[in-house]
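Visitor: Structure in structure tokens, see below.
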Amino acid sequence: MSVHRFENSEFTVRIYPGALAEGTIYCPISARKTTTAAEAIERVIERLHLDRTRCYVLAEVKEFGGEEWILNPCDCPVQRMMLWPRVALEHRALSGAEDYRFLLRQKNLDGSIHYGGSLQMWLQVTEERRRMQERGLLPQPDSQGDHADLCHLPELNERSLLDNLRSRFRQEKIYTYVGSILIVINPFKFLPIYNPKYVKMYDNHTLGDLEPHIYAVADVAYHAMLQRESNQCIVISGESGSGKTQSTNFLIHHLTALSQKGFASGVEQIILGAGPVLEAFGNAKTAHNNNSSRFGKFIQVNYQESGTVRGAYVEKYLLEKSRLVYQEHNERNYHVFYYLLAGASEEERKAFHLKKPEEYHYLSQDCFTVEGEDLKHDFERLQLAMEMVGFLPATRRQIFSLLSAILHLGNIRYKRKTYRDDSIDICNPEELPVVSELLEVKEEMLFEALTTRKTVTVGEKLIVPYKLSEANTVRDSMAKSLYSALFDWIVFRINHALLNLKDLVETTKILSIGVLDIFGFEDYENNSFEQFCINFANERLQHYFNQHIFKLEQEEYRSEGISWHNIEYIDNTGCINLISKKPTAMFHLLDEECNFPQATNQTLLDKFKRQHEGNSYIEFPAVMEPAFIIRHYAGKVKYGVKDFREKNTDHMRPDIVALLKSSKSAFICGLMGIDPSATFRWAVLRSYFRALVAFREAGKRHTQKKTDKDCGIKSQKGFLKTLYKVPLGGETPSHRTTVTNILLQFNLTLHDRITKSLLHLHKKKKPPSISAQFQASLNKLMETLGQSEPYFVKCIRSNAEKLPLRFNDNLVLRQLRYTGMLETVRIRQSGYNIKYSFKDFVHHFCVLLPEGTSATREGIQQCLDQLDLEPDGYQVGKTMVFLREAERQRLQALLHTEVLRRIITLQRRFRAQLERKQFVRMREASVCIQKWWRLYRPVEEEEDYDPSVQEGAAVCLQAHWRGYRERQKFRLWREAALVLQRAWRMWLYRRCTAALVIQTAWRCHQAREAYLRLYAAVKQLQRISRGFLTRQSIPTYCEFCSSLIWMMDRACVLCRYACHRKCCQKTTTKCSKKVSRPHNNFGVEVSRLTNDERTVPLVVEKLINYIEMHGLYTEGIYRKSGSTNKIKELKQGLDTDVDSMNLDDYNIHVIASVFKQWLRDLPNPLMTFELYEEFIRAMGLQDKKEMIRGVYSVIDQLSRTHLNTLERLIFHLVRIALQEETNRMSANALAIVFAPCILRCPDTIDPLQSVQDIGKTTACVEVIICEQMNKYRVRLKDISSLEFAENKAKCRLTLIRRSMVSSSDVANVTSPLPPDESCIYSTQQSSFFVVPSVSFDHKCPSEGDFLLLNSEDMSEPVLYYFY
């Protein structure tokens, strides 16, 4: 892919430090695509010599003071920078262009961002001024000429409404309130009012406290959701080009900022990447907008009860498929085609057979370029966005291949055959191989599907050729359906990435805020079926708006019994009924005409005239024109009936569906078969049969009672009968995460699965029409909005030329009229938009009400009459209190004043209590002093005063003082002596300790050297003995007579053929050493390297034997890698001739690497692809014993060749793992190394799923190794026990025979011991050692004696113990 070209490319990123580095405008640094924000900050700190004791963060801003987002430390600035517009990347601050930059910010200790003194001072002054205005200490802002809320206009008419909006727009105040409704006028210029200081400013404020802003609407909806614990929705409406999409982005960013406190969350990151993807595949250039969205979307952000973002969901409505095959004048196809053709690399152009846009029929109908766009940069931006969402490179290649196939499909042209009138042929047959290659279908089947159709009648099957017009229709229908299915799949994958898996298993209540960004009202020169559906959707939204603003509110006034005069408004119910109310609705009549084969455009128009002649909402042109006019709420629109029927029944024929489902590409087949309910049911059925097979296998190994078997059979039959009765909304297996995700998304998008219409080969009922599907999606949307509390944002286009800050009075006034804004302001101005229930009113204003006020109509009415309120500013209904905004603010001010008065009273009383306590303490202290003074004065005034008493007192004081002074001197001298003694003793101790340390080190060194020499010699002898014993001492069964073979009874050692020597002559199998071996030992099937005589490939046997003989004790034998050149040389030699290769010339790590490479090169691993899912399922069992039994039952299903090689490999790994103390290779380490070699994931499985299965595959291999290790130890223990008993008996018999011989004869024995008497045991290990010819200088050792042997074959003496 072309994205890989930018993996290692370096970019220059400019970071502006601001006040952190005076004199520096910006700091340029070099960064790659993978460079994180933390690394970039570290480079800036190093270059600018900033204070490292402080904490810094990187912020992405649009202009200084504009929208600002803090980057996480793991975010990549280059990836964010690639999503900027082209002019921002060129560092050109053009007039009216968005200037993107990176700023370095300082982070405070509490986690907040330090913006400098000016920002904090501005926020403080603004907040203090607002508070002083609320208290009345400062005059309120001038209410003449500029009103933030249109309900405050002193004179209400269209002119005052327009003048107020124009005045605010010229001051760059694009937001205006109408009560709780927000009006947004698109300035066609970015304004610096979206940075974090505005996020903080509007946090937790009610509407009207501050200047109108879209952040205020998001903040009110967010806190209303948390306080009321109910779902909220924000409906954004307006014409094309009025700024709906940008407003949606601001709302989403602010909603995530409220949850993450300024930091972008994972959901926001995915939506940030999903935006360019949906824009590329769903936006196109139209006559009025260069980036017009040709579909609607509903974004739902899910929250926890704590207010943190939990997940999100995107739903799309009515993609304009006809644009793919036909565009009007001055319009283009979807952006993604032009991005691909301009930005693809040379390799991709050859792989996808790409041409220039002028050479494609679907792209060459009108214009090709748009002024100011950079298609190559947009393609790179699209690739990065797809990577952020989670599309892998292989998936992107499949998507681009399908797009190229659609373009080449449009180039196929037809012609009539010369010798037949009713048959056709393809003019350019060179396009067929390209399309068949890209779609991976057979060329013959593609030609047949595009030129003929199959019709099944009673008893026969007819093949009828298409007419010329029918063939073009089938070709275009195939292209449109493929693109629509691709777009649905992309939305499906985005929702899968946004879905939180915890929502499926937890019962925590989830709250949500939905943002509806749907296509605006459209009126073009030529309006067709798409505009008819789009304008009908806007009619429904306007009706929803009227219901909430006018009808429901006035009905509530009447039901509560308050005084109210109804306000007339434009009710569009008649227009909605004309289009959608059965049985005479236009949609219904259109579906009826689509069912008649002989129907035409004229018959459809005639039916409209017959049914709706005289209806005030529909008109028909006076001239004979195939069109009709609908009087919408926004004005009259003329629609041409051409292609109405074809677009309403835009389904592929079964022949085309069967062709695409026969594709070798799993991606194409998945697009044609994307049915979540069928996927779910098939997963349940497959799991059931897997469990059934496992149950039967377990029954063969275990004996159960007859009653248990009967119960098991009954339960199986009962489950199978109820399998298809499981409701889709029920619980799903917890271990089927992917199925559960599909099921949840299926429930959410059941009404809008347009792709379902592609698959109806097995159904007799006709698929629903496009209009029926669109009505179902609208009904579902209205149901979702009806369950939420709505907020409305009305977007208005300021001018048609898209000039910055240009206000067109006529255009704005026309939009205000058809949206009913004058009537909306009137009902908001004269109505009571503040409502409290009696209980809530008493609870909220309990401080103002007299004590004991009851929540009744009479009690509340009496209390309100006593307050200083306007009589017409409030009314008390039957169950609720209605207030206007001015009276609510007056009540809030009175409440605030009363609360402050009570707070001051409490503070005054508390301070008086503190002063009282201080006074009491001071008084008690003065009384105490006076008491003691009065007790002292009578002593001095006594007449018989004795001087000796005073002298005695003086002497006593002097004696105590002198004693105290001497004790202090003694204490100082004693401490000094202790210090000297401690220092002297410490010096002596250190000297003695140093001598002991030196002596100990020297003795340890000598002992260590001696031990190492002895250890090396013993280890060498043990290595040789263990290798010999392991190969020879493990008993096996004879393959000829099936009896046990012990030790050296094996007939042939070279070929490992297991039989007795006496049976060897009876066998007819030839030794594998004598059979010629085939070449090419690497990358071939195991079955090709084995035969009846050789069950394990020769190259495997040779490598394993050499590793066991020379590398069993090598540290990290399989963890370390050898030289690459040596590995290639050894591999080439083994691949050519195994026998002639001398492995002694290569390092042991090179041999181990070649062995692992042989396993990896197998086309089908030892634990085969067919059984991969079986191993994964077995590892998913909870019980360990059941898991082990399941793994071994799957191993039993392997072929004989794979099973033999796997057994040899596992035995080898067991031997490696048994020497873990020496080679440091545990069972887990070996499983990590060999699991990717012998238990690989098939290529057909999703890469994300394969990454999740790595832990299970490693655990599976580790379980096999551990189980074989346990069996190996048990077998060795049995062998050791038998050999120990045998040798002990021999030693006993030897001692008995020697006791009969005189001691003199025994002392002179110099001949070697007989074979039966030379078997003694080493004290180092539990294995035996056959002593060679030795001589004894003294008497024969008896039981319990130790013997030090030294022979010519031993480099060091070995100590042995006799039993």
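Including glycine, each Cβ sits where the backbone N, Cα and C put it.
Nobody curates TrEMBL annotations by hand; they come from automatic prediction.
Heads up, here are the entries from TrEMBL:
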| type | residues | note |
| --- | --- | --- |
| BINDING | Gly238, Glu239, Ser240, Gly241, Ser242, Gly243, Lys244, Thr245 | ATP binding site |
| DOMAIN | 9-109 | domain 'Ras-associating' |
| DOMAIN | 145-896 | domain 'Myosin motor' |
| DOMAIN | 1025-1071 | domain 'Phorbol-ester/DAG-type' |
| DOMAIN | 1084-1272 | domain 'Rho-GAP' |
| REGION | 778-800 | region 'Actin-binding' |
Visitor: Take the region 'Actin-binding' (778-800) and count its residues per DSSP category (helix H/G/I, strand E/B, coil), listing them in that order.
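Guide: Output for the region 'Actin-binding' (778-800) reads 9 helix, 9 strand, 5 coil.
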Visitor: For the region 'Actin-binding' (778-800), find every same-chain residue at least 6 residues outside the stretch whose CB is under 8 Å from a CB in it, and list them.
Guide: 169, 180-188, 214, 217, 220-221, 224, 228, 230-239, 241-244, 247, 288, 298, 317, 512, 514, 516, 520, 536-537, 540, 544-545, 548-549, 751-752, 806-808, 811-812, 815-816, 819, 821
Visitor: For ATP, what surrounds Gly238, Glu239, Ser240, Gly241, Ser242, Gly243, Lys244, Thr245 with a Cβ no more than 8 Å from their Cβ centroid?
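Guide: Counting only non-site residues, the set is Asn186, Gly520, Cys795, Arg797.
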Visitor: For Gly238 (ATP binding site), write down the residues of its own chain that are at least 6 apart in sequence and whose Cβ falls under 8 Å from its Cβ; none is a fine answer.
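Guide: Same-chain residues close to Gly238 (ATP binding site) (Cβ under 8 Å, separated by 6 or more) are Val184, Lys244, Gly520, Lys794, Cys795, Ile796, Arg797, Gln815.
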Visitor: What's the number of neighbouring CB atoms sitting within 10 A of the CB on Ser240 (ATP binding site)?
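Guide: Looking across every protein chain shown, the total is 19.
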Visitor: Do you know which of the binding-site residues Ser242, Thr245 has the most other C-beta atoms within 10 angstroms of its C-beta?
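Guide: Going through Ser242, Thr245 one by one, the largest Cβ count within 10 Å is at Ser242.
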Visitor: Output, ordered by sequence, the same-chain residues six or more apart from Gly243 (ATP binding site) with a CB under 8 Å from its CB, or 'none'.
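Guide: Listed in sequence order: Val184, Asn186, Cys795, Arg797.
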Visitor: Same-chain residues six or more away whose CB lies under 8 A from the CB of Gly241 (ATP binding site)?
Guide: Asn186, His288, Asn289, Ser292, Gly520, Arg797, Lys802
Visitor: Within the chain of Glu239 (ATP binding site), which residues six or more apart in sequence place their C-beta under 8 angstroms from its C-beta?
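Guide: Set apart from Glu239 (ATP binding site) by at least 6 residues yet with Cβ under 8 Å, we have Gly520, Phe521, Cys795, Ile796, Arg797, Gln815.
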